[in-house]
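Now, the feature entries from Swiss-Prot:
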- HIS450: active site, for 3-hydroxyacyl-CoA dehydrogenase activity (ACT_SITE)
- ASP296, ASN500: substrate binding site (BINDING)
- MET324, ASP343, VAL400, VAL401, GLU402, LYS407, SER429, ASN453: NAD(+) binding site (BINDING)
- 1-189: region 'Enoyl-CoA hydratase/isomerase' (REGION)
- 311-716: region '3-hydroxyacyl-CoA dehydrogenase' (REGION)
- GLU119: site 'Important for catalytic activity' (SITE)
- GLU139: site 'Important for catalytic activity' (SITE)
Amino acid sequence: MIYQSPTIQVELLEDNIARLCFNASGSVNKLDRETINSLDAALDAIQQDSHIQALVLTSAKGAFIVGADITEFLGLFAQEDSVLLPWIAEANVVFNKLEDLPFPTISAINGFALGGGFETVLATDFRIADTTAKIGLPETKLGLIPGFGGTVRLPRLIGTDNALEWITSGKDQRPEAALKVGAIDAVVAPENLQASAIKMLKDALAEKLDWQSRRARKQAALTLPKLEAMMSFATAKGMVFKIAGKHYPAPMAAISVIEQAARCGRADALKVEHQAFVKLAKTDVAQALIGIFLNDQLVKGKAKKAGKLAKNIDTAAVLGAGIMGGGIAYQSASKGTPIIMKDIAQPALELGLGEASKLLAAQIKRGRSTPQKMAKVLNNITATLDYTPVKDVDVVVEAVVEHPKVKSMVLAEVEQNVSDDAIITSNTSTISINLLAKSLKKPERFCGMHFFNPVHKMPLVEVIRGENSSEETIASVVAYASKMGKTPIVVNDCPGFFVNRVLFPYFAGFSGLLADGADFAAIDKVMEKQFGWPMGPAYLLDVVGIDTGHHAQAVMAEGFPDRMGKNGKDAIDIMFEAERFGQKNSKGFYAYSVDRRGKPKKDVDPTSYELLGAEFGELKAFESEDIIARTMIPMIIETVRCLEEGIIATPAEADMGLVFGLGFPPFRGGVFRYIDTMGVANFVALADKYAHLGGLYQVTDAMRELAANNGSYYQS
């Protein structure tokens, strides 16, 4: 053994070829400070051993290196530039040392080599991957850019345009795509990975492969004609800004770094990268996006833990076909759980099967599936008009019409037709789980399972715990949602559960603005362009359905009359009474039509202004700050109430629910990250300015106390 540490072992193989193996004590290899320090020491030991003539980098884990340890680096990001800049420069000395070894080097990549893991392999002369590999630089998804030489080495390896696309998109790359552009040199079967890597090193030693010129190219300036460079970077900036927008600075920063460093050698190019990395690491956007990443890990960790308590879910059933039932059936079947789709009407079953077929056909069109896979998924969906095929399923998802009496009747009926240990769930957005449980003989085997529409696109599932739901029931439904490829969060029963409970105060703030004369289109523009929502409140109501919103609003008003009760008509009532239900009947706040490409198109509709004007009078202009405050303060305070009341367990789960369930702007990180970034005391002061508008704008005593103690919701 040439070198050994808790994370890295180096040994001599045949023909004086050394193997450096990443082998951390945990389940995966991460590029943390300990690993970087070990790599530095290992390279020193390698340099001091005169027998070594070549080096192969391998991993003893199922993945090469999954990336940097972001939890550890968050502490570093909080340091002053005078600390962070020298640290990243020193870390890069290690990768330079790897790149400068006096003999050929290769990385044998299995599984993930992402972020710092991919930057590590970029420092070797050759890269060979097995068929399981995924490589890439996802840092821009975290509000950062690569900091270990990725913006320097990758453009010099695969060309500027390819590197710009890889880095700004942050997407993982399959080995075939990486081979095509030259990011790796070969793709082999997993069992042949190390042997193939050693053969390449032997070819390099025999001068069949020119490792020295490859290395020199990575360390030199980019060989790109000036005019071509100008066009390349200008095109990239235009395309990337169109996608990323002003709220996500990292992709644009990556382009600027590569452009500035294009005429530089390695040393100066790395300095450009380091300066930009440190600047981005300090931004609120990076903190928010890293926070989402960590919150996602927490939620997935909880789901994994729940899996240990869960019963096996091998077969499922959905009651109620149509669009929602078809979407649920598609999601379950496509992720490997066969599902029975039951309805009382043959046309509904045909609609449900048609929805699943349509979604599968779209996957084939995008190149993400094949006719063979489509057939397999459709074979996993069994349509039926009676309960006979349902009797042996492990879990049932009731997805009939959103009406308490109908749901209660169906739930009682299905309980008589399934095994005693089957779990029954209700896909409801507003109806109390405790109320529905009264129709069942075994309420402990029952909970809510709220999917969001469209099911195949929306990642969130709310798992709603009733007062009698057993832990096994909750754990099993969480595990089933995870198996379906969804992100489950567990919430306790209350009107609206979590997501709808916090959404409708936002709509109430919107309605209040309209009652005071605001222009709904102007509100949408501010909330989309400035705050960052994918849709403003008027557009969102049209998409959800004004009739659906009207019903849910009544449920919320009944559940929380002090805060959500109304005096007189609001904008939702006006649209509902005028039978303007939104996209579903082509008229809501906006008018809807289909453009030449067959896509929905929205236009401002004078009729909406006439209806609202008759009730609320002439339009008035509002400052953007007022619009944001009056819509967001109610949502934020209601989210805080949900945490304080135990409806949602943690700020992390609340923020993930908002981002995945409502499209809360990721660059803001969720409600609790938003409050912490603003400062709790600053938010309380802002809310107090609007407290006269009613209970939705009045902060809780606990929040006021947190502000007084200079506290925060996330503990740093």
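The backbone N, Cα and C atoms fix where each Cβ goes, glycine too.
All protein chains shown were included, and the count of other CB atoms within 10 Å of the CB of ASN453 (NAD(+) binding site) stands at 15. LYS407 (NAD(+) binding site): 23 other CB atoms within 10 A of its CB, across all protein chains. Distance between Cα atoms for VAL400 (NAD(+) binding site) and ASP296 (substrate binding site): 31 Å, as a whole number. Sequence-distant neighbours of GLU402 (NAD(+) binding site) (same chain, six or more apart, CB under 8 Å from its CB) are THR428, SER429, THR430, ILE431, THR548, HIS551, listed in sequence order. The Cβ of ASP296 (substrate binding site) lies under 8 Å from the Cβ of THR487, MET656, each of these being in the same chain and 6 or more residues away along the sequence.
Here the recorded positions are GLU119, GLU139, ASP343; the one with the fewest Cβ atoms within 10 Å of its Cβ is ASP343. Taking the Cα of GLU139 (site 'Important for catalytic activity') as the reference point, the closest of the binding-site residues VAL401, LYS407, ASN500 is ASN500. Across the structure, LYS407 (NAD(+) binding site) and HIS450 (active site, for 3-hydroxyacyl-CoA dehydrogenase activity) are spaced 14 Å apart at their Cα atoms. On the backbone, the CA of HIS450 (active site, for 3-hydroxyacyl-CoA dehydrogenase activity) and the CA of GLU119 (site 'Important for catalytic activity') stand 41 Å apart.
Taking only the Cα positions, the spacing between MET324 (NAD(+) binding site) and ASN500 (substrate binding site) is 18 angstrom. In this entry, MET324, ASP343, VAL400, VAL401, GLU402, LYS407, SER429, ASN453 make up the residues listed for NAD(+), with the farthest two CA atoms of the set 20 Å from each other. Following the DSSP three-state reduction, the secondary structure of LYS407 (NAD(+) binding site) is helix.
Under DSSP, the residue listed as 'active site, for 3-hydroxyacyl-CoA dehydrogenase activity' is assigned to a strand (E or B) in the three-state scheme. Around the Cβ of MET324 (NAD(+) binding site), the number of neighbouring Cβ atoms within 10 Å comes to 21. Shown are the binding-site residues VAL400, VAL401; of these, the residue with the fewest other Cβ atoms within 10 Å is VAL401.
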